[in-house]
Amino acid sequence: MNLLDGLWGILDLLLVAVLLLLAMAAVLSSDRRRSMMLFIVFGLVLALVWARLHAPDIALAEAAIGAGLGGALLMATLRRDTHQQTDQFPQHPVVLWGAGVLVMVLGTMIAWGLFSVLPTVEQTWRKGAAVDAQLAFSGVSHPVTAVLLNFRAWDTLLELAVLLAAILGIRALGYVRSAYVTEVAFSQLAVWLVPLLILMAGYVLWAGAHSPGGAFQAGALLAGAGILLRLAGYSHAGLPTTRWLVRLGLVVGTGVFLLVGLGLLGWGQGFLHYPVAYAKWWILLIEMLATVSIGMTLTLAFMGGIPQKEAA
Amino acid sequence: MVGLSAINPQFLYGCAGIFLFAIGLWGTWLHAHYVRKIISLNVMGAGVFLTLIAVAYRGENLPPDPVPHALVLTGIVVAVSATALALVIIRRLEDAANE
C-alpha cells in the first residue's frame, strides 16, 4: 500500500512537472507554429490531469474542446504564404526576467493566501453534500449534469447566451480568408469518421444523465464532424445551406432553454424549477437542442463565420 | 517513498494551477503578437480551472465536489468561444492590413 502511494506521488510530481514545462515552452517558444503544437500537447496532458483528479467530464471536454477545437482554431490562423513566423519578446532580457520574477512572486502570494484560507472555509463553502442530498429530485443521477441543468441551470443558460454572443460577433465581422487547405484525401476519412462522430455525440449526450458526458462534450464531437467536413472540402461543413435554418440552429439551444424557464414560471413553478416527475424529459430536451447549437456554433467559429456562398 | 506519499494532491495541483496562471500572465503581458497573447491567456485560464478542480478533489476514496466541476466545464466552453471570437478579430485585422 505504501509502495503504491509512493508511486502515485511520483506520478503526480511527473504530471505537474510535464504540465508546467509544456506551458513554459508554449509561452516562451519563439516559433509560432511550435508554440501552437506545444499548447495542444499541453491540453492533452491537462486532460490526463483531469482524469487523475477524478474529473472525467472535464477530461472529455478538455480533450475535445480545449486541446482539439482550441488547437484547430489556432492552426486556422496560420498563414500558408509566410513560412517563418517567429515572435521574439520585444522587451529587453532584464525586463523579461524581472517580469518573470514578479509574476512568480504574485503566484507564491496567491498560493500562500489560498492554502492558508482553505482549511477554515472548507466546511461551510462546500456544496457537494447539498448536491448529493438533492440528487434524487434532479431528474438525473449524474451530479455534474444535475448541477449544470437543474441546480445551477441559470449559469448554464447564461453560458449558452455567451456562446451565442460570441458567434454573433464572429458573424458580424464577415467572412475571413481561411488559412487552411482543403484536402481531398480527407473525404475518404470523413465518410467513415463523420457518421461515427455523430453516433458518439448521441451516446455521450444520452450518457450524460447517469455518467460523465452531456451537451458540451456531445456538441464538441458534432463540431469535430463539421470541421472534418470543412477540411475535406465541403464549403458548408454539413451545416444547412438555407440561412434561416443556420440562424434557427444557432439560437435554438438558448431559446428553448429560456422558453422552458419562462413557461415553468408561468405555470407557477418558478424560473427553471422543473416538476420532479418531468425533470428528466425537460433536461433531455434542453440538452439535445443545446448540443445542436453548441455543435453549429463551434463549427462556424472554426470556419471564421459565414459560409463562402453567403458572403459572396 | 513514504516522504512522497505525504504530498497532498490538492496542494500539489492547486499550486501547479496558480503557477500556470503566473506563466500565462507573463506571456499575455510581454508578448507583442496577438495570437501569442491568446495562447498565453488560455494557459492562464487553464491554471484557474486546475486550481478549482484541485480544491474540488477530496481524496482517493471520496467523490469530488460536483459544483466546481460544473463551473469549469462551462468555463472551458466560454474560454474556447472567446478564443474563437478573438482569433477571428485578429484574422480580420491581418486581412485589413494586407489589403
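Even glycines carry a Cβ here, placed using N, Cα and C.
Database features (TrEMBL):
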- A:18-80: domain 'MrpA C-terminal/MbhD' (DOMAIN)
- A:189-291: domain 'Na+/H+ antiporter MnhB subunit-related protein' (DOMAIN)
- A:6-28: transmembrane segment (TRANSMEM)
- A:35-53: transmembrane segment (TRANSMEM)
- A:59-78: transmembrane segment (TRANSMEM)
- A:94-115: transmembrane segment (TRANSMEM)
- A:157-177: transmembrane segment (TRANSMEM)
- A:189-209: transmembrane segment (TRANSMEM)
- A:215-232: transmembrane segment (TRANSMEM)
- A:244-267: transmembrane segment (TRANSMEM)
- A:279-303: transmembrane segment (TRANSMEM)
Same-chain residues near the transmembrane segment (A:59-78), Cβ under 8 Å, at least 6 residues beyond its ends: 32-33, 36, 39-40, 42-44, 46-48, 50-51, 85, 178-180, 204, 212-213, 216-217, 220-221, 223-224, 227, 298, 301-302, 304
Recorded stretches the transmembrane segment (A:189-209) and the transmembrane segment (A:157-177) touching, at least 3 CB pairs under 8 Å: no
Stretch-level contact, the transmembrane segment (A:215-232) and the transmembrane segment (A:6-28), CB cutoff 8 A, at least 3 pairs: no
The domain 'MrpA C-terminal/MbhD' (A:18-80) - residue tally per DSSP class, helix then strand then coil: 52 helix, 1 strand, 10 coil
Number of helical, extended and coil residues in the domain 'Na+/H+ antiporter MnhB subunit-related protein' (A:189-291), per DSSP: 73 helix, 0 strand, 30 coil
